[in-house]
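First the structure, in the form of structure tokens, and then the observations on it.
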Amino acid sequence: DWRAAREGGVWRSATWLRREGRRSRLQRSAPRQRQSQSLPAAGGGRAGAHRRRAGSAASARRMDVPGPGSRRAAAATALLRSARVPRGGWFLPTALLCAYGFFANLRPSEPFLTPYLLGPDKNLTEREVFNEIYPVWTYSYLVLLFPVFLATDYLRYKPVVLLQGLSLIVTWFMLLYAQGLLAIQFLEFFYGIATATEIAYYSYIYSVVDLNMYQKVTSYCRSATLVGFTVGSVLGQILVSVAGWSLFSLNVISLTCVSVAFAVAWFLPMPQKSLFFHHVPSTCQRMNGIKAQNGGIVTNTSASNHLPGWEDIESKIPLNMEELEPQPDRLLVLKVLWNDFLMCYSSRPLLCWSVWWALSTCGYFQVVNYTQGLWEQVMPSRSAAIYNGGVEAASTLLGAVAVFAVGYMKISWSTWGEMMLSLFSLLIAASVYVMDTVHNIWVCYTSYVIFRIIYMLLITIATFQIAANLSMERYALVFGVNTFIALALQTLLTLIVVDSSGLGLDITTQFLIYAGYFALIAVVFLANGTVSIMKKYRKQEDAELSSQVTTS
């Protein structure tokens, strides 16, 4: 009995029924010799008797069914095919992905990248590094983000995770042995590939675990990257300040760690579905009690068992067709993406938080990318000890504490959200301005830590506010679009302010512009928040007045 077998966890019963039904047909129409070559024996003992009884029951219940174009037939076929590939456990893929994220971010040389490029190993000038090399990362990241987003879904995550690991290996190998401006620019392009493919790392786990595990596995994977980055920063600082290691040696350790991450990625299980290209069509998912959760199948037993002729449909599928899946309609996928985009951004609160996300992330990328250059101006690494790794580790840990504290903040974000964004954006502008104008390395370090803490705090709040009104699929779409807009703005800002083909300003003037940029964001949200609060209180007064009139 199919229901008893499915409730008992024997997922292969559907395959047995199909094969027994096909064997019965072949016995009536084909020679005995062909039957023995193409079909396995029923087996002896209790298992064989059970399968023979199941085959007889299937033949007895066989009914006339509609043609292969029938929607009910397609639903039954999708149900049985999904039953043959049950979703595995969550622990192994989560552990492998966490190990990958830890080693991929365990790069002790990254906080010392600018001193390394300016030092005797590469012997590049400040103008070459800041105005001709670093902008390449911004341009490549922007160009690759959307194609990588689609390729990640189409290829089902794992190949793109492998591409990220390979790109990191190429990046750090070239960082060790490449020489000259053009070679380092190619290095930045490969690093842009590695950055753009991060989307595969953060979305892979949702395709191999159940919905009720999303919160837990997300925290595990993000914590792994955070711990990896922190351990790498602390390790780099200790090796430089205490052990006296060279920056070249730090890059050797980084190359080793990303190579380990690449090796771990090969053991990740290959997902069977994705958000858009590889999932059961909605016409099959919602029919006769068959429901979908993030592309997976959840069956309604009573409905699925009463699909007419479901045993016959499965028996008519050839054995060598089990693993075939329908080809995705690419134009339909793009249409779904566009419709979801319009639906998401029609909400004014969501649009407000998304605008802040894009604007602030643009400025954040610029400050983080070029802050080592500013520190090099204030205190050159050739003449004094530097503590870049310790500062990066401290800002990450304190930012994590601030993010944790967000869960206990009791604020009406729908009312005061824009005002809070304005206030904190003003604090960010002040920290960047102090970092730029006070030529003391410890003041710069402290301002940078404050800058990162505030940004992590606000971006977490923005994440929560947007995700509260979105399903998981729209969540991925909205944050992908927000990041793309941020990169587009960053590219424009880089082209005008940083690139040698534009203004090509020095690092001190650049940070003065970044401080003004965040101050402008604060002014915009202050004005918008003031108008929103006035409208809200006016509506409340009108509602109270109308209620008083009604009462009188």
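Backbone N, Cα and C define each Cβ position, glycine as well.
Any TrEMBL annotation is an automated prediction that lacks curation.
The feature region 'Disordered' is assigned by TrEMBL to 22-69.
Residues or ranges marked as compositional bias 'Low complexity' by TrEMBL: 27-41.
Long-range neighbours of the transmembrane segment (89-106) within the same chain, counting only residues 6 or more positions beyond its ends whose Cβ lies under 8 Å from a Cβ of the stretch, are 161, 164-165, 168, 201, 204-205, 208-210, 213, 217, 220-221, 223-229, 231-232, 235, 254, 257-258, 260-261, 264-265, 267-269. Annotated transmembrane segment per TrEMBL: 89-106 (among others), in sequence order.
The feature transmembrane segment is assigned by TrEMBL to 136-155 (among others).
Annotation comment: TrEMBL describes 162-183 (among others) as transmembrane segment.
Summarising the annotation, TrEMBL assigns transmembrane segment to 189-209 (among others).
The transmembrane segment annotation in TrEMBL covers 221-242 (among others).
Residues or ranges marked as transmembrane segment by TrEMBL: 248-268 (among others).
What TrEMBL records for 350-367 (among others) is transmembrane segment. Within the chain, the transmembrane segment (350-367) has long-range Cβ neighbours (under 8 A, six or more residues past its boundaries) at 138, 344, 417-418, 421, 425, 428, 432, 451, 455, 458-459, 462, 465-466, 469-470, 478-479, 481-483, 485-487, 489-490, 493-494, 498, 510-511, 514, 517-518, 521, 525, 528.
According to TrEMBL, the transmembrane segment annotation covers 387-409 (among others). Listed by sequence, the residues of this chain that lie at least six past the ends of the transmembrane segment (387-409) yet keep a Cβ under 8 A from its Cβ atoms are 108, 110-112, 115, 226, 229-230, 233-238, 240-241, 372, 375, 445, 448-449, 452-457, 460-461, 464.
According to TrEMBL, the transmembrane segment annotation covers 421-442 (among others). Sequence-distant contacts of the transmembrane segment (421-442) (same chain, at least 6 residues past either end, Cβ-Cβ under 8 Å): 356, 360, 363, 367, 371, 374-375, 378-379, 448, 450-451, 454-455, 457-458, 508, 511-512, 514-519, 521-526, 529.
Beyond the transmembrane segment (448-468), the same-chain residues lying 6 or more positions past its ends with a Cβ under 8 Å from any Cβ of the stretch are 349-350, 353-354, 356-357, 360-361, 364, 367-368, 371, 391, 394-396, 398-400, 402-403, 405-406, 413, 417, 420-421, 424-425, 427-428, 431-432, 435, 475, 478-479. Sequence annotations record features per position, and here TrEMBL assigns transmembrane segment to 448-468 (among others).
Per TrEMBL, the feature transmembrane segment maps to 475-498 (among others). Tertiary proximity for the transmembrane segment (475-498) is limited to same-chain residues at least six positions away from its ends with a CB under 8 Å from its CB atoms, namely 130-131, 134-135, 138-139, 141-142, 145-146, 149, 199, 203, 275, 337, 340-341, 344-345, 350, 354, 357-359, 361-362, 365-366, 370, 463, 466-467, 504-505, 510, 513, 517.
Per TrEMBL, the feature transmembrane segment maps to 510-531 (among others). Sequence-distant contacts of the transmembrane segment (510-531), counting only residues of its own chain at least 6 positions beyond either end whose CB sits under 8 Å from a CB of the stretch, comprise 352, 356, 359-360, 363, 366-367, 370, 374, 416-419, 421-423, 425-426, 428-430, 432-433, 435-437, 493, 497-498.
Three or more CB pairs closer than 8 A are found between the transmembrane segment (162-183) and the transmembrane segment (248-268), so contact between the two stretches is assigned (pairs 6 or more residues apart).
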